Amino acid sequence: MTAEPHIRIFDTTMRDGEQSPGASMTMREKLDLAELLCEMGVDVIEAGFPAASTGDFDCVRRIAEQTAKSDTIVCGLSRSTPQDIDRCGEAVRASGNPRIHTFIATSPIHMEQKLKMGENAVLEAIGRSVSQARNLVGDVEWSAEDATRSDFEFLCRAVDVAISAGARTINLPDTVGYAHPEEYGAMFRKIRETVPDADKVIWSAHCHNDLGLAVANSLAAVQNGAGQIECAINGLGERAGNAALEEIVMALRVRRDALKCETKIDTTKLARASKMVSQITGFPVQYNKAIVGKNAFAHESGIHQDGMLKNAQTYEIMNPEDVGVSKTSLVMGKHSGRHAFRDKLKALGYELQDEALNDAFKRFKDLADRKKHVFDDDIMALVDEQLSRGDERISFKRLRVVAGSEGPQTAEIDLEVDGETKWTTARGNGPVDAVFNAIREIVPHTAVLELYQVSAVTQGTDAQAEVSVRLAEDGIVSTGRSADPDTLVASAKAYLHALNKLEIRRQKRIAA
Ligand SMILES: CC(=O)SCCNC(=O)CCNC(=O)[C@H](O)C(C)(C)COP(=O)(O)OP(=O)(O)OC[C@H]1O[C@@H](n2cnc3c(N)ncnc32)[C@H](O)[C@@H]1OP(=O)(O)O
Ligand SMILES: CC(C)C(=O)C(=O)O
Ligand SMILES: [Mg+2]
């Protein structure tokens, strides 16, 4: 059975999506989202459940008004009761393309336990509700709630009644996310072969993600003749959510070769829509979420980064720009390699030659081992520090500090001075003072500490500390800087940096 070439995208973020506990949206938020969905080219916006509350009714009505001049269909959901349907008709009336979406459950458990209705009463309700809706609007969608757990013979009879009463779209929801793809696809194929006038309606899939199969099931329905998919941005929806709109749209686009159909969605707006829904609901998007997750176009491992730099198609099946993400990011971390590191340095404006590059790369790896996120600023601080160091007389080897409320604060330090390793220990009024006293013991000098300043290079408790030190001696002022995740190590190195520079300036003065 062939798929339809154009699959209609029915967005239910504001109806089923809003049914997620904690996902309620205000009128303003819904109007903004509706505007974006409209711009994006969504075919149907299910704007709410008008009978649920005055607020929901008003939202559906305002969205219908706001989008009246567009091609977008605006629909509301309603039970099969006359009051719900009237209310829904009133709410969508202002739309240029109003739709009433009415439903009733057809599975034995729902009919017996929830509705307390027999099969005949349900069939009667379907005929009556669809006819009533058709008297209000030309476009009526009917859904068989819990279709996938319904008796197939009865489901066919129910669908037949809905089509005869004037439904234009028949939706077969997997309400509880129970079906698997082959089963769900077969249901569409069989029902389309069985029900009279099956070719006169649009078949719709509405899948829930309780088993993580919502997108796969929706695609299986498409391959078996469904022409509409009901889905929600970020997969928002009851319990584990609905099929994610962005995943459906990109699967159809990227695998058009196999699935033979597409949507008319402007995919470059997907990332923006995802962000908007996440901000409105306060539900974060999981980092590894397909299409719109923070890591969907990010690569940290060296082998992948090297491949990406040579040809992006080695590790990406779609362009980030196509979904509205500005570019792929090569995230620098402990799994990164030299190719990506060199590329990052170049982007940051540094051209290091082989030895300097190797040295910087080694220091970067050491840092990445100690720090969860290595930001651009961290890398710049690391290279700046390296560049500002020439042939230094005194270099840092090792530091151990005893600090805390008990005291005495003590620093034990190893330095290399003129090629010879020297060790000492000293106390101080606090750990930083102890470190500087230890340095003074190994390298006696009369320079005065004029400034000592610490700032965090990036955020987080594991951020690198950047320390600046200013020393002054006989009119010579020298500043040193260093960055390290350990503030005391950064302090020692910054002090030594300033001291080395002071030494060079002293010698220059003597030579002059
Ligand atoms: C699978 C889905 O997503 S279905 C949509 C679910 N969405 C919502 O429920 C959100 C909006 N709902 C609401 O605001 C409220 O439930 C309302 C306004 C619709 C109804 O509220 P209440 O009248 O207080 O009823 P309540 O919600 O407690 O119970 C639902 C009633 O509707 C009946 N019902 C459920 N589905 C249908 C249906 N499709 N057609 C007719 N009646 C139905 C139930 O059997 C129950 O009837 P009872 O009161 O005779 O036992
Ligand atoms: C009411 C219908 C469309 C629904 O949301 C479901 O069955 O999951
Ligand atoms: Mg649903």
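Numbering starts at 1 and runs along the chain as it is shown here.
Every residue gets a Cβ built from N, Cα and C, even glycine.
A TrEMBL annotation is a machine prediction, not a hand-curated record.
Fair warning: this is a prediction, and the values are worked out from it, not measured in the lab.
The domain 'Pyruvate carboxyltransferase' annotation in TrEMBL covers 7-271.
Annotation comment: TrEMBL describes ASP16, HIS206, HIS208, ASN242 as Mn(2+) binding site. According to DSSP, HIS206 (Mn(2+) binding site) sits within a strand segment. The Cβ of HIS206 (Mn(2+) binding site) lies under 8 Å from the Cβ of THR12, ASP16, SER143, ASN171, LEU172, PRO173, ASP174, THR175, GLU230, ASN242, each of which sits 6+ residues away along the same chain.
What TrEMBL records for 395-512 is region 'Regulatory domain'. Per-residue pLDDT, averaged over the region 'Regulatory domain' (395-512), rounds to 89.
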Given a 10 Å Cβ-Cβ cut-off, pick out the one of the binding-site residues ASP16, HIS208, ASN242 that has the most other Cβ atoms nearby.
ASN242
ASN242 (Mn(2+) binding site): secondary structure state under DSSP, collapsed to three categories:
strand
8 Å Cβ shell about ASP16, HIS206, HIS208, ASN242 centroid, Mn(2+) site members excluded:
THR12, PRO173, THR175, CYS207, ALA214, GLU230, CYS231, ALA232, GLY237, GLU238, GLY241, ALA243
List the helix, strand and coil residue totals of the region 'Regulatory domain' (395-512) as derived from DSSP.
37 helix, 53 strand, 28 coil
